[in-house]
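Annotated features in Swiss-Prot:
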{"type": "BINDING", "residues": "180-187, 262-266, 320-323", "note": "GTP binding site"}
{"type": "COMPBIAS", "residues": "20-42", "note": "compositional bias 'Basic and acidic residues'"}
{"type": "COMPBIAS", "residues": "44-53", "note": "compositional bias 'Low complexity'"}
{"type": "REGION", "residues": "20-58", "note": "region 'Disordered'"}
């Protein structure tokens, strides 16, 4: 189940607090109404008691007119007072506390500082100066503003359809290289991509260019066997670029559609790894570069993304372990700060648990009840 609980809670709490401020006026209005009614009844009773039956009819008529005039004045004053309570213009002072609380909750949900400030600025611009009359109107303004702001962030980058990109390239083989540090689920994600490509009638081959971690080749061999695809591998410590070159050459000779290259992922601060990746890139000349990020890594995932962008560059992101992500802010941060699209999300351990990323899907999950 994918729900992004913490991000949902942040927006829900803000909505409750800002609309709750309007509700405070309702009891006051009802209480004032009751007091005014009681006053009118008392005045009427007093007038009735004070009118002797023996008084002149002309005097009675004058008193009656006087009472009616007084009542009309009171009714007019009451309407003006109720209009004052019914409609309220939202001021910046009304928002300061709830905005600060939302800022803290967004940052705690892995939303970067820059994205948080944009969302809060959009909210203030759309709320301050608005004349609102009821809770539902406040909710509508807040929800529409948040949805628009988040959608704009996520759609700044052109949507990438990987299958269409492969087919329209006219190139065979189409070479895809995968980056990512150890532990992000890179090997499993590559297997999921192979499964997806096969279901779209695209033949594939895997290059095991992570020759420094022995388990990496064994893991890929296991998945390749289950998926019935060819795996090109080298000895432990072999040249990763040579493995990639051999896989591409094999694909050309067998008319294979796509080559998927796994790469080493020790640490993103490892300078030797960066040089190794640059060499693989020079030899393989990939058509598409995908960075694998763990959605549970929070701000560290953003730092990894910055490092790979600055050193080797990439075209798109696949987020893993999204099914376990209770925060949900990393996708917003990636889209806004690095201008990189999230193309797929890993939502489980099965090969079919790879789904396309959609801004509409993301917004729906955040604001679903």
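Using N, Cα and C of the backbone, Cβ positions are placed for all residues, glycine too.
Within the group of binding-site residues (180, 183), the Cβ with the highest number of other Cβ atoms inside 10 Å belongs to 180. Shown are the binding-site residues 186, 263, 322; the one with the most C-beta atoms within 10 angstroms of its own C-beta is 186.
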